[in-house]
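Below is one structure, written out as C-alpha cells; the observations come after it.
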Ligand SMILES: NC(=O)C1=CN([C@@H]2O[C@H](COP(=O)(O)OP(=O)(O)OC[C@H]3O[C@@H](n4cnc5c(N)ncnc54)[C@H](OP(=O)(O)O)[C@@H]3O)[C@@H](O)[C@H]2O)[C@@H](O)CC1
Ligand SMILES: [K+]
C-alpha cells in the first residue's frame, strides 16, 4: 500500500523532529543525491564527470537540491545551480560552493533553459510542499514552459518577448533526465491539479511519505517513477490523505471461499444489463462476474438467451441476491430495464444489498444512497451526474480536477464514487480516497467498463455482510476491483492490445496469481 499525506500533515509531522535538531534536510539531500547518481549511471555508465543542473527555487525544496548538489560534487559530478529566485537557501548555497559547485543567477528564461538543456540530469528543486495556489509563474514559470515544450502562451523569456529554445518535449537519450525534488514543481501538491507549466519528471524523489498530488491526475502523469524516502516522520498512519493499494492489499480483500462454502454463502450477484441493441454489455458483465468466481450470477434483462448461450453458468429471472450490478448497456429510456432497476434499488435501500451503478443506471440513481452503492462513471458521466444536480460541468472540467468532483459526487449522493480513468479514483465513507494506476492505456476499450462492473459486483456479493458491517470497506473493495481489472489487462496481453472479453477471460489466472503472491 502506498499512502500519502497532505502538505499540512507532513509539516505537522516534521515539526517535532526539526525542533529536536534532526537534520532532515541532510537526510533528504543525501538520498536525493543517491538517486541522481543512479540516474547518471543509467544514462552514462558512470557518475564521475556527469553534468547536473539544479533548478533552485526560494525555499527548502531548493535547499534540498543545493545540498544534494554538494554531495554529488564530492563524487566528481559537475554541478551548476540555476538560482531562479533573488534569494535561495543560504546554507545549501554555501555547501555547494564549498564543494566546488557553481551558482548562476538566472535573469533570462531563454538563457536559463539553454543551460538547463545541456545537462545529463536536471534536478527540479523549484517548489515542494510550500507551493501556493496557481503554479509556477514569472521567471521560473517561463523557464519551465520553455523546457517543457513552450506550451505556455509562447512567452518563453518571461518578459513578454518570444524565445527560441528547443524544449524537452521530445523524449530521447539526448535530453536531460529530470529528477523532481519531493514533487514536480508547480503541481497542486494536495489535489493533483496542474494550473501552469510543469517539467515532467522521469523520477520523483519524495520525502517522508508520498503526497496526494503525486497519485492524483492530472499531476500524477508528470511524476515518472516515484521513490519514497523514509525519514521516520511520525505521520498519522490511520489517516492518510490518499492511498494506492498494492497487490497484497487486493489479495487480502478478495472473498476467498472457505471449505464449508456453498454457492449461496459465496454470494449471488444480480446483473441488470444489456438490451437487444447492446447485448454485448450483458454478456461481458455476467462473464466477468462468473469468471471472478462468485457463487452464482443471476441475469435480468431482455437478452437472457444470448447471455446463457455464452455463459451457461448464468441463471435467469428474479430471485434473492447478495449484490447487484445495474446499468451496463442499459438505456434509461428502456422501460423494462428501468422498472427492474428501480425495483432492485428497493432491496439496496431496504435490505442493504451492495450495488454497482454503471452507465445507463447512473441516471436512475435515487437522490441519496448508502455508501455500499458504488457509482462507476467515466469523466463525461460524472459531469452529467453533477450537472443534473445543479453543477454545470463538462468532461474537461472533471478531467482538470477529478478529485474535487469525485468528492463532491460522493458528498451529494452518499455513494462510494469510482471515477474511471488511466488513474482510477475512488472516494468513499469518511472521505477515504484511493487512486489506482494499474490499467495499461490499452484498457481504454469498449466493454472494459462492463467487465469492471461485473467483477466488482462479484467481489461485493462475496463480501456483502462485511461491507454492511464496515462502511469503509466498500471503497477499498472498489479500489481492489480496479487493481484486478488493470492486472487482468496485463495478463491478457502484456504491453499490447486487449479486448474486454480477453480481460474477462484473464480474470481467473490474474486472481490466482494475486492470491499466490500475498
Ligand atoms: N517533509 C520533510 O520532512 C522534509 C522537507 N524538506 C523539503 O522542504 C520542502 C518544503 O520547503 P518550504 O516549506 O521552504 O517550501 P518550498 O516548497 O521550498 O517553497 C516555499 C517558497 O516558495 C515560494 N512559493 C510558493 N508558491 C509559489 C508560487 N506558486 N510561485 C512562486 N513562489 C512560490 C514561497 O513564497 P511565500 O509563499 O513564502 O511568499 C516560499 O518562498 C519540501 O518540499 C522538501 O523538499 C526537506 O528539506 C526536509 C525534510
Ligand atoms: K520540486
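A Cβ is built for glycine as well, from the same backbone N, Cα and C atoms used for every other residue.
Automated prediction, rather than curation, is the source of TrEMBL annotations.
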In TrEMBL, AMP binding by 420, 421, 422, 423, 424 extends, among 431, 447, 449, to 449
Given that TrEMBL records 60, 61, 62, 63, 64, 281, 329, 378, 450 as binding (6S)-NADPHX, the matching residue among 182, 190 is 182
Not counting 61, 124, 185, residues with a CB within 8 A of the CB centroid of the K(+) site are 55, 57, 62, 65, 125, 126, 127, 128, 180, 181, 182, 183, 184, 186
Here the Cα-Cα span from residue 424 (AMP binding site) to residue 378 ((6S)-NADPHX binding site), rounded to a whole number of angstrom, reaches 9
Densest Cβ environment (other Cβ within 10 Å) across the binding-site residues 281, 423 belongs to 281
By Cα geometry, the one of the binding-site residues (60, 61, 64) nearest residue 449 (AMP binding site) is 61
In three-state DSSP terms, residue 62 ((6S)-NADPHX binding site) is classed as helix
